[in-house]
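Pulled from Swiss-Prot, these are the features on record:
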type	residues	note
BINDING	Cys153, Cys156, Cys210, Cys213	Zn(2+) 1 binding site
BINDING	Cys170, Cys173, Cys196, Cys199	Zn(2+) 2 binding site
DOMAIN	6-70	domain 'J'
REPEAT	153-160	repeat 'CXXCXGXG motif'
REPEAT	170-177	repeat 'CXXCXGXG motif'
REPEAT	196-203	repeat 'CXXCXGXG motif'
REPEAT	210-217	repeat 'CXXCXGXG motif'
ZN_FING	140-222	zinc finger
Amino acid sequence: MAEKRDYYDVLGVGRDASDDEIKKAYRKLSKKYHPDINKAPDAEAKFKEVTEAYEALSDPQKRAAYDQYGHAGMNGGFGGGAGAGQGFGGFGGGAEGFGGFDDIFSSFFGGGARQQPNGPRQGSDLQYRMDLKFEEAVFGKETKISYSREAECHTCHGSGAKPGTSAETCHKCHGAGQIQVERQTPLGRMMSRETCDVCGGTGKEIKSKCDTCHGTGREEERHTVKVKVPAGVEDGQQMRLQGQGEAGSNGGPYGDLFIVFRVAPSDEFERDGAQIFVEVPISFVQAALGDEIEVNTVHGPVKLKIPAGTQTNTVFRLRGKGAPKLHGTGNGDQNVTVNVVTPKTLNSKQRDALKAFAVASGDSVNPQDSNLFDKILNKKYKK
C-alpha cells in the first residue's frame, strides 16, 4: 500500500496557508481531477486524495490534529476518511477514538478517573457522501437516501437477551465491567485494570441470547431518511442529521448521520460562495459601438448592456443573479467578464472597412501584416 502524501503537498500549499488559500487550491484541483471531466485512469484516485486533504485541512480541529500528529491524528478520530471512497463510513467516537490519558494511567496503576463502561453509550456516527449537480447545490432539493446501519434489534429491543429472559449481573466483574489483573513486571508486581473478558465491559451477562442478534442487541438494517438539501450548499460542506446514525448500547441514544456534499463543476459557471462567475465573448464591433446581449445566469437568461468602448476583460455585475446565501437572506451576484474576440478571417468588404478605419485613425497599415487587429486593439482599445 502506497504511503499517504502530505496533505499540504497534495493541495500544493504551504503549512502556513490561510483557509482561503486552501479553499482556492481545492477548487482548482477538484475541478481538474473530477471524474466527470477528467477521464484519465488516475483522475478518480487523485480526486479522492485532494478531497481527503481538503476535508482535513478545512476543519480547524482536524487541521490542528494533523499538524501535531500527522496522518495518525486523522485515524484516531475519523476512521481514515471513509467518505472519500465510499457512500458512508463511521466517523469514530471523537476523543474516545484516541483514548484518554486517564485510561492509559489507570490501566497500569488501577487509579485515575473511573469510567462507567456498563453505562449508556451513544451509537457511532456515520458519514454519507451525496453527489449533487451544480444547479442542485445552488437551489437545493429534497430527496431520500438509503444506507446500512446497526439498529436496535427488533426482537429483544436492544437487551441482547431472548424474549422472556433478561441479562444478569456478570459473575466475574460483578457488574463493574472491568477486572483487576496482577502482573509481574521488571519493576515488580503491578496491578492493572482491564475490560472484563466475560461481559465485554457491559457488566451484564446474557445466558439466554436473542436468536435474532445473538446477544449483541443490534442488527443491520437498510435505513431510509428524507433529506432537505438547503439552497446554497458548497462542495465539501456537511449537514448533520441527529439520531440517524447507529444504535447505542446499554440504552444509549443513536449516533448522528453526517452528509458530506460533493458538487459537480459546471461547464459554464464558476462559483465562490454566493458569487457566480461567467465569461462571455463579444465581437470587436460590439465592444467598439456598444450593444445589448443576452447572458445566461443560474436563474435564466437576462439582458446586459455593453457600453461603447468596452475593453476586453471588463467585468459587469448582475446584482442578485448569483446563488442563494446559505447563511443569510437573498442571493449573491453574477460577475460577467467579457472577452473581445478578434476575427481570424475576413472577407474583402470587412478588410476594406478596417483599412478605412485605420486610415481615419491615423494608422499606417501594411495589408500583409497579420497583426493588423492587434495594432488596432492595442492603440485604440487598450486601457
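Cβ atoms here come from the backbone N, Cα and C positions, even for glycine.
The structure, with features from Swiss-Prot marked on it.
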residue: Cys153; record: Zn(2+) 1 binding site; contacts (Cβ under 8 Å, 6+ apart): Gly160, Cys210, Thr212, Cys213, Thr216, Gly217, Arg218, Glu219
residue: Cys156; record: Zn(2+) 1 binding site; contacts (Cβ under 8 Å, 6+ apart): Lys162, Pro163, Cys210, Thr212, Cys213, Gly217
residue: Cys170; record: Zn(2+) 2 binding site; contacts (Cβ under 8 Å, 6+ apart): Gly177, Cys196, Val198, Cys199, Thr202, Gly203, Lys204, Glu205
residue: Cys173; record: Zn(2+) 2 binding site; contacts (Cβ under 8 Å, 6+ apart): Ile179, Cys196, Val198, Cys199, Gly203
Ranking 153-160, 170-177, 196-203 by the number of C-beta pairs under 8 Å to the repeat 'CXXCXGXG motif' (210-217), which range is first?
153-160
Using a 10 Å radius around each Cβ and counting other Cβ atoms from all shown chains, which of the binding-site residues Cys196, Cys199, Cys210 yields the largest count?
Cys199
Can you break down the repeat 'CXXCXGXG motif' (153-160) into helix, strand and coil residue counts using DSSP?
0 helix, 0 strand, 8 coil
So what pLDDT does the repeat 'CXXCXGXG motif' (170-177) average out to?
87
Short question: which residues 6 or more past the ends of the repeat 'CXXCXGXG motif' (196-203) have a Cβ under 8 Å from it?
117-118, 167, 169-173, 175-179, 249-250
Inside 10 Å of the Cβ of Cys213 (Zn(2+) 1 binding site), count up the other Cβ atoms and send me the figure.
22
Can you list, in sequence order, the residues of the same chain other than Cys153, Cys156, Cys210, Cys213 whose CB lies within 8 Å of the CB centroid of the Zn(2+) 1 site?
His154, Thr155, His157, Gly158, Ser159, Gly160, Ala161, Lys209, Asp211, Thr212, His214, Gly215, Thr216, Gly217, Arg218, Glu219
Mind tallying the repeat 'CXXCXGXG motif' (170-177) by DSSP state, helix then strand then coil?
0 helix, 0 strand, 8 coil
